Amino acid sequence: MIQKMALDEFDSLGDKVIEGYQLTDNDLRTLLSLESKEGLERLYSAARKVRDHYFGNRVFLNCFIYFSTYCKNQCSFCYYNCRNEINRYRLTMEEIKETCKTLKGAGFHMVDLTMGEDPYYYEDPNRFVELVQIVKEELGLPIMISPGLMDNATLLKAREKGANFLALYQETYDTELYRKLRVGQSFDGRVNARRFAKQQGYCVEDGILTGVGNDIESTILSLRGMSTNDPDMVRVMTFLPQEGTPLEGFRDKSNLSELKIISVLRLMFPKRLIPASLDLEGIDGMVLRLNAGANIVTSILPPDSQLEGVANYDRDLEERDRDIKSVVRRLEIMGMKPARQADFEAVLGC
């Protein structure tokens, strides 16, 4: 247990994790309570040591294609919830093919096909399966799907047509908070979908939000909850209030920062993929997240893309700086580099 550990003893924490130590709940309370700059820097350093032990200076790159921003859900935190009166789009199959052409040879390890729970695809799930097949045939890369809570039959068909990874975020394992965030949606349904996907050979990603009313105990509950389906990727994202949503005016005063939780995730899941998203703070934010222990850059947009991200800190900026060339340039400055495709597929194992 590390609850009484002095600051200088944090330096050995990474070594303990590499040797097989598993954090206790009291350990998690100690780490999540850290506030001093020195304490946090030592936590980040321990997380980097663990990451570097398993992955070296290699980083994975994930292209994000948000192909439909229509959604039937009323998530209180999400800009794209069905009650928000915003401009939306749904790419045609031809537009998706054209997007794929811009990605060939660009250096991405995986393509993330994301949509809201769009009635167009939910009324005829074979449309979604066809989309997966087209992208697989065009690019031949591993495909992550983020379609919301699809039925098992559709998940199985998508797997057969080339989907490798299912991203389906719980947001929180605090059931009371969940009801406030994913309004009217089944808690168990999402857990069961990930479990089914894992059984069918998918890799799975789970994720939580922070800064949305979670405290240390509910965060521990969520961290433990993410372990239940043996996820291949674990994510935390900071809640960013979105215009036109029920939580537009919400402000959280906790000290449970995304960077702190990324480091804790690395210590809990030493061999897993942990994202450094561009969605909240762009390239500069990517650097901070990699320095906290992340090892895959997500929300990289296709070249010259006008597609949306999820939180879109840069929605109104002319220069979005979220392309793969910009990412690679910054990685090189950091002394890091894109991994080989074979490295990524070895990590996937699925």
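Cβ from N, Cα, C; glycine included.
Predicted, not measured: the structure shown is a model, and the values here were computed from it.
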Annotated companion of F77, R182, R190, L240, Q242 at the S-adenosyl-L-methionine site, Swiss-Prot, chosen from E171, E205, E258: E171
One of Y89, Y122, Y169, Y173 listed by Swiss-Prot as binding (3R)-3-methyl-D-ornithine at the site of D112, S146, R235, S277, T298, S299: Y169
Maximum Cα-Cα separation (Å), residues D112, S146, Y169, R235, S277, T298, S299 listed as binding (3R)-3-methyl-D-ornithine: 15
Chain-mates of C71, C75, C78 with C-beta within 8 Å of site centroid, [4Fe-4S] cluster: N73, Q74, F77, Y79, Y80, N81, C82, G116
Maximum Cα-Cα separation in Å among residues F77, E171, R182, R190, L240, Q242, which the record lists as binding S-adenosyl-L-methionine: 24
Sparsest-packed among the binding-site residues, when each Cβ's other Cβ atoms within 10 Å are tallied, from S146, Q242, S277: S146
Candidate with sparsest Cβ neighbourhood (10 Å radius) among R182, R190, the listed binding-site residues: R190
Rounded to the nearest Å - Cα separation of T298 ((3R)-3-methyl-D-ornithine binding site) and F77 (S-adenosyl-L-methionine binding site): 20
